[in-house]
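Under the heading substrate binding site, Swiss-Prot lists N9, W10, K11, G172, S211, G232, G233. Annotated active site, electrophile per Swiss-Prot: H95, in sequence order, evidence recorded as sequence analysis. Residues annotated as active site, proton acceptor in Swiss-Prot: E166.
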Amino acid sequence: MRQKIVAGNWKMNGQIQQVTELVSQIEELIGFDCAAQVAVMPPSIYIPKVRDCLRTGRIVVGAQNVYPKDYGAYTGELSAPMLKDFDCRYVLVGHSERRQFFHEDENFVAQKFHHVKDHGMIPILCVGETLSERENGKTEQIIAQQVLAVSAKGKDCFRDCVVAYEPVWAIGTGKTATPEQAQKIHQFIRDLVGEINDSDAKHLTLIYGGSVNENNAKALFSMPDIDGGLVGGASLNAKQFVEIVKCIN
């Protein structure tokens, strides 16, 4: 059975009082019968504080970024061993904002992906097309390029990882892919991975990240190849985030 996951990406939002209140509220509202693995990804400086606020084990902590070296003269960066020290379970790699604003290319994303795996954490590989790429019929070409970029290390590379489809045109815009549009791409990703390793493809968790909210989550999560969500803005509101989590069957 595939792991169901809902992850909240808080991006560069919140200060210490806000993040501690937010995670405490989420934990209080989440309940004990949650069908999904719930993760929160605060700004890196607050990871230890958020980890220390958790009381029940119903929520895990993740990181928004990592640098693909264990240590060295990389001013301002954080390595996987550092993140693991604070019990991070998941790490985002390849988020569209990192690709766009920090010019991270496929090779660099692949290095991050394998660095995270090598240190026993789970990378969430983010893939997705821009509006112009979609309008020019290049969606599958772009997705394949981004997914296959991490496959150079062999047929087991998609074991113990998550892939998040985040159409760039839907992030922070209020727009979202229809459930059917999202399902089509999720199925394409699973089939693509299946060409490398059929068993891993069947067990691969695929989540959707593109303006997920409490109004569209149930329809999205009902699709056969959508196993959860990567939630941005709505994850900054405890009630909204938990409503999304509860849409997981």
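Any Cβ shown, glycine's included, is placed from N, Cα and C.
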Among the recorded positions listed here, K11, H95, whose Cβ has the fewest other Cβ atoms inside 10 Å?
K11
Under a three-state reading of DSSP, tell me whether H95 (active site, electrophile) is helix, strand or coil.
coil
Using a 10 angstroms cut-off on Cβ to Cβ distances, just flag whichever of G172, G232, G233 is the loneliest among these binding-site residues.
G172
For the substrate site given as N9, W10, K11, G172, S211, G232, G233, which other residues of the same chain have their Cβ within 8 Å of the site's Cβ centre?
I171, V231, A234, S235, L236
When DSSP is mapped onto helix/strand/coil, what comes out for N9 (substrate binding site)?
strand
Work out how many Å separate K11 (substrate binding site) and the residue listed as 'active site, proton acceptor' at their Cα atoms, rounded off.
15
How many other Cβ atoms sit within 10 Å of the Cβ of W10 (substrate binding site)?
22
What whole-number value in Å do you get for the largest C-alpha pair distance within N9, W10, K11, G172, S211, G232, G233, the residues recorded as binding substrate?
14
Neighbouring recorded positions, C-alpha within 10 angstroms of H95 (active site, electrophile) - of W10, E166, G172, S211, G232, G233:
E166
Euclidean distance between Cα atoms of the residue listed as 'active site, proton acceptor' and G172 (substrate binding site), Å
11
I'd like to know which of these binding-site residues, N9, S211, is least surrounded, judged by other CB atoms within 10 A.
S211
Could you tell me the C-alpha distance between G232 (substrate binding site) and E166 (active site, proton acceptor) in angstrom, no decimals?
11
Among all the protein chains here, how many other CB atoms are within 10 A of the CB of E166 (active site, proton acceptor)?
26
Can you grab the distance from G233 (substrate binding site) over to the residue listed as 'active site, proton acceptor'? Cα atoms, rounded to a whole Å.
14
